[in-house]
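Below: the structure, in structure tokens.
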């Protein structure tokens, strides 16, 4: 590698590192996470092995025989050599230990009380009840609600219970007891089978179609009308329509809440005409859609306005003057001179906004939050809410990642399409110093 | 521009369609300094009571407005500086320097430029948790700066492309190193680009809501967007005057920047970003 290569790479390095960390890695990891069942319940690092009452319930549903279930769920005490050694180490008198060995060795007790009673009957038992209770713990063989950090620990605890499981049952038991996340393709099956997925798809289609139509149509209207105004008036209207784009989204949506909520402007205004107040943002699905499309449309129209305005300004003045001399009215001027010049900017805006509308959900999250019901729950918001923002409490990262993965793939394909749309070759002019 | 056509129909059409926005803007200001009787929107008195959040102690469990403002300022400034410096070097490398895989980087840049970054938020959330930057201001700043980079590099490359090669050739002939040439001769030439990108990145950081909300929800790292939204969603009395006062306070830098730099802004937003 030449020295100039290293210099160039050095300049490129910060951008490369950040891009790899926050674009490449997330794209890959979205794919990886989508094949796991990660959620708040499983945690994102490894898990442990735990038999809880819930585990017992699902084992019963799977048809485990009563005997194994009994041993798993009850606290059992087995008097064996290992327990006796532990008692010796814990400092109980040799006479007590010898007595246990001679009278109880090999016995199994289900339940602490039975075992305590048996120990109380011994003549060399410790005087304090507390010591006696402690002694019972040394013989405890229960696995219920005990966390095992490794699979080996878990298996050895199981084997001391003598469950007599078939290999398939043993595997199932281990899987059910594991609390961490596992690899699975169930997320995609679930997405295909749930009706709410289709609902979200339909909602996204409605959202993109109507907002896009509004953005392009209204952007055209703004660009053409301000073009015909004196520059002072034009600047005034452009400012009004540009502000929604740079105002913070939370604040912009707050203005809409004030306009549409039942304590807000429109309801108060209409109440003078006898209309009962409604929260127009969430009253019915239609109301919600109109508000959502307008909220996004008022922001989106400014992009069209700016792009189309500069395209109109680049039309040679002589063409417009000539048409006026020929007696064209304003509509003909727009139809036959201005619109044909805007073909490319319109195509660009449409292509660009289709993708960004498909994946954006910020304004919907802030305004209707997908409601009423799930009437305005678009795909991107659906994925976001499942993985990061649901009030049910269990955030399903894996399932959310699978839903987001669909958008990531669409994003990559669409971006590659733009690569062709822009004339890529023309950009790669070689550096002229150091050939 | 055209004297042959009457302009009043246009003014009428534009004026009517602008009514909702103008009403919202007007009452955004009016409501914060006046009181109106219930059921009416005609103010009958002046009051600055809704601005009390500025001097009163915050409600229990809520951070003070000033610490939130400081957080927002740090968040916007640091992410802007990071994005700016990385874009300045990266854009120069792509525009002028000899690089292995240059075509590949350029193609990747366009793909990333168009790529919807918000779809990555679930993975970024999990990655931040794994590396321990979750719920810290530093973590969100890093993410915000990184997400601005494709756009920043793209814009800066465009500005570098217009700098004449002769300037650099002359510098090299006089014995300067490539680095000195970049710093002393080329950077002053792309000054408008630095201003434009800086303003854009600052506004974008100042307005950011979803990233801080998801990646740093704790009170220590709260920014103004998250503060205002939690105020709105927790409040049961719908005190719009108070929300609006916080909102106007939040918007002051944005409006100032708009007044000072509105030419730059129209240009850079025309470059196509955000839906």
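Glycine is no exception: its Cβ is also placed from the backbone N, Cα and C atoms.
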Per TrEMBL, the range holding transmembrane segment, considering B:51-72, B:73-94: B:73-94
Interface check, the transmembrane segment (B:73-94) with the transmembrane segment (B:243-261), three or more C-beta pairs under 8 A: no
Whether the transmembrane segment (B:137-156) meets the transmembrane segment (B:243-261): three or more C-beta pairs under 8 angstroms: no
